[in-house]
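One structure is given below, encoded as structure tokens.
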Amino acid sequence: MKNCLVVDDSKVIRKVARHILESLDIKVTEACDGRDALNQCEAAIPDVVLLDWNMPVMSGMEFLQELSRTKMDARPKVIFCTTENGIGHIKAAVEAGADEYVMKPFDRDTLESKLQIVGVI
Amino acid sequence: MSAPGATPGNSAAFTGAMRILAGLLEARTGQILSESRIWRIETALKPVLRMNGMANLEELVSQLLASTESNLTDDVINALLNNETSFFRDLQTFDMLYRDLLPQLSSSKQDKVLRIWCAGCSTGQEAYSLAMQLRKDAGRWQGWRIQILATDISTAAISRAQSGLFSQIDVQRGLAINDLLRWFEPVGDDWKVSDELRRMIEFRVDNLLEPKASSGDYDLILCRNVMLYFSLERRQKVFSRLAEHSRQGSYLILGAGETVIGQTDAFAASRSFRGSYERSAKTEKINQPVRKTA
């Protein structure tokens, strides 16, 4: 069973994402900011990280930069999942190493399709 | 059984109206609404009712029967057709095309002409996905003349396909982010396909049962998730039409739940390319005279 770490400061978004991911047979863990996510990745590397952009303590971009600097056995796939829908944000995320980008609001088909593209399902 | 929204007083009229609308769809397109889909007519037609200030389906049917105006009929047909599609729908099929089948065609065709027909292309995502794949492998197709014809019976779907404009939801279904950045630009809340891709495809309204748009043989025909809406007899007719526009060695791709078995001997499952069918040497028996078009 694949693992997904959902990183979002919104409890509602985490709940929606969990519901969709579990329906796709993916095990879900949650983090409420980038720092929390980084700590969890150091403890156990997930297959994929669903990452919000704007969060307190550590943003999604800061998390991505820290992740690339952190020595790990394997690197998780990273899918940005954010309301930042401008092309500038998308390009910045891809340049920073994001594998995919989901613009909120999203639905099950969108998330399933992005998980297929990154090879998680 | 009572339809959603029907009241005991009007349920017979309501059901009658739905049967007439389903009959109109079949007469115009050959497509049959299954029992499970027939009850979705009301939902599908709500925008048409709203646009024309009509209260219910009975009023719409009365207007259709009384009027000779084709715009209303076109609106009804467009609303009833299922235009569900997405970029790179059934990713495995597109992987197979990119990795195996298209390279095989490039190595076997001496004339350096590649002709592809997306038959039942809906709003164009399938044709644009193919165009992206061909551009991604540009070196292989250097010096080739590539023609992609994309047809659909829905005037609304073809109009959208030609516009090249897709919503945020559309571009997130099946489209990798790097393809979005490479081939699209934002226009307001939507995304527009690049002119480079749009120039590769000719979109046309056409009826698969009486195709006028296509002439000559196609090397690859995609007719996915279309046959399931036809009766067996009409499926055989469509297969005959597809056979007329292909040659021995051409390939046909159907939807995941569709097959040629028991329906035509003009195509047989490919041994080389999983999920595709090859045009066989047998001459397809055609039930009706073929209308020759330019």
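Cβ atoms here come from the backbone N, Cα and C positions, even for glycine.
The domain 'Response regulatory' annotation in TrEMBL covers A:3-119. Per TrEMBL, 4-aspartylphosphate is recorded for A:D52.
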What does DSSP say about A:D52 (4-aspartylphosphate): helix, strand or coil?
coil
What is the total of other Cβ atoms whose distance to the Cβ of A:D52 (4-aspartylphosphate) is within 10 Å?
27
What does the DSSP secondary structure composition of the domain 'Response regulatory' (A:3-119) look like, as residue counts for helix, strand and coil?
52 helix, 25 strand, 40 coil
Over the domain 'Response regulatory' (A:3-119), work out the mean pLDDT and round it to an integer.
95
